[in-house]
Amino acid sequence: MPFDFRRFDIYRKVPKDLTQPTYTGAIISICCCLFITFLFLSELTGFIANEIVNELYVDDPDKDSGGKIDVTLNVTLPNLPCEVVGLDIQDEMGRHEVGHIDNSMKIPINNAYGCRFEGLFSINKVPGNFHVSTHSAIAQPANPDMRHIIHKLSFGNTLQVDNIHGAFNALGGADKLASKALESHDYVLKIVPTVYEDLNGKQQFSYQYTVANKAYVAYSHTGRVVPAIWFRYDLSPITVKYTERRQPMYRFITTVCAIIGGTFTVAGILDSFIFTASEAWKKIQLGKMQ
C-alpha cells in the first residue's frame, strides 16, 4: 500500500453539507474581520513610523569641533541705539573680547532709537559668559535701557527633525520689556550636548540648554549704573542621544500572526459557546432536555 502523504494534514476539511451556517456566526465573523483589520492597520502604522529612543552617557560627542561651539543670538533692544550696543565675550581660558563684530549685524529700529542685534559667533567649551552691553561704546549713554526681547539663542547646529521637541531655543520669545530700564539681566545657562542619529547612522550634533534668570541693578566702580544682558554658561558632562529605530520585520510578522490567530481562536470559542447554548435552549423549549 503506497504511503499517503496527506496523513500529515492537520487541517482536515469538513464537507460543506456537514456544516451549519448561523446568523450568530455571521455576525461574529464580520466583527472578527473588522477587529483584525483595525489591529492590523494600527500595527502597520506603528511599523512604518520611526521610534525615537533616547539615552544618556558621559562623553563629548562632537570631538571634531575643535573645542568650539557656534552660538546664534538674535535680540531686540527697542530703547538703545545701535551705535552703543556691543557684544563682549570672555571665558576661563583667558578670552576677553570687547565689542565682538565678526558675523554680527545691528539693525536700527524705532527711528534709530532702538536696535536689533543678530550675531553668529563661537565660544570655547569651558565655562564663561557673553553679554550685550554698552562697554565697547566710545561715549557711554547716560541712561542705558536694557529692556529687551530675545528672539533666538541657540548653540550648535539646528537639528533638521520634527519629532524632537527639546530645549534648543529655551530663551526664544523671552520678553523683558516690562522690566525696569536700568536693570541688568543675568541668564545662567546649563548647556547639554545632544546627538541625533537617524536610521542610516548619520549623526547630527547640537546643544540643548536649561536657563535660570534674575534681574538686578549693577554699579561700576565710579558709582554709575551699568546695565547689561548677561549669558553665563557652563557645559554639562552628560550627553543626550536620540536614535531613530524601526520595528524589525520579524516582530511585525509575529504580532500580525498573533492578532489573526488569537482573534479567530477567541471568536471560534465564543461562537461555539453561543451555538451550544442556543441548541440547549431549543431542546429545553421542545422538552427534550432532561
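Residue numbering: from 1, along the chain as shown.
Including glycine, each Cβ sits where the backbone N, Cα and C put it.
Here's what Swiss-Prot has on this protein:
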- 1-26: topological domain 'Cytoplasmic' (TOPO_DOM)
- 27-47: transmembrane segment (TRANSMEM)
- 48-254: topological domain 'Lumenal' (TOPO_DOM)
- ASN74: N-linked glycosylation site (CARBOHYD)
- 255-275: transmembrane segment (TRANSMEM)
- 276-290: topological domain 'Cytoplasmic' (TOPO_DOM)
Counted with DSSP (H/G/I as helix, E/B as strand, rest coil), the topological domain 'Cytoplasmic' (1-26) has 11 helix, 0 strand, 15 coil
Could you tell me the mean pLDDT over the topological domain 'Cytoplasmic' (1-26), as a whole number? 74
If one takes Cβ-Cβ under 8 Å and requires six or more residues beyond its ends, the residues near the topological domain 'Cytoplasmic' (276-290) are 24
Short question: which residues 6 or more past the ends of the topological domain 'Cytoplasmic' (1-26) have a Cβ under 8 Å from it? 271, 274-275, 278
Taking only same-chain residues 6+ apart in sequence, whose CB is under 8 Å from that of the residue listed as 'N-linked glycosylation site', what do you get? ARG116, PHE117, GLU118, GLY119, ILE150, HIS151, LYS152, LEU153
Would you list the DSSP helix, strand and coil counts for the residues of the topological domain 'Cytoplasmic' (276-290)? 11 helix, 0 strand, 4 coil
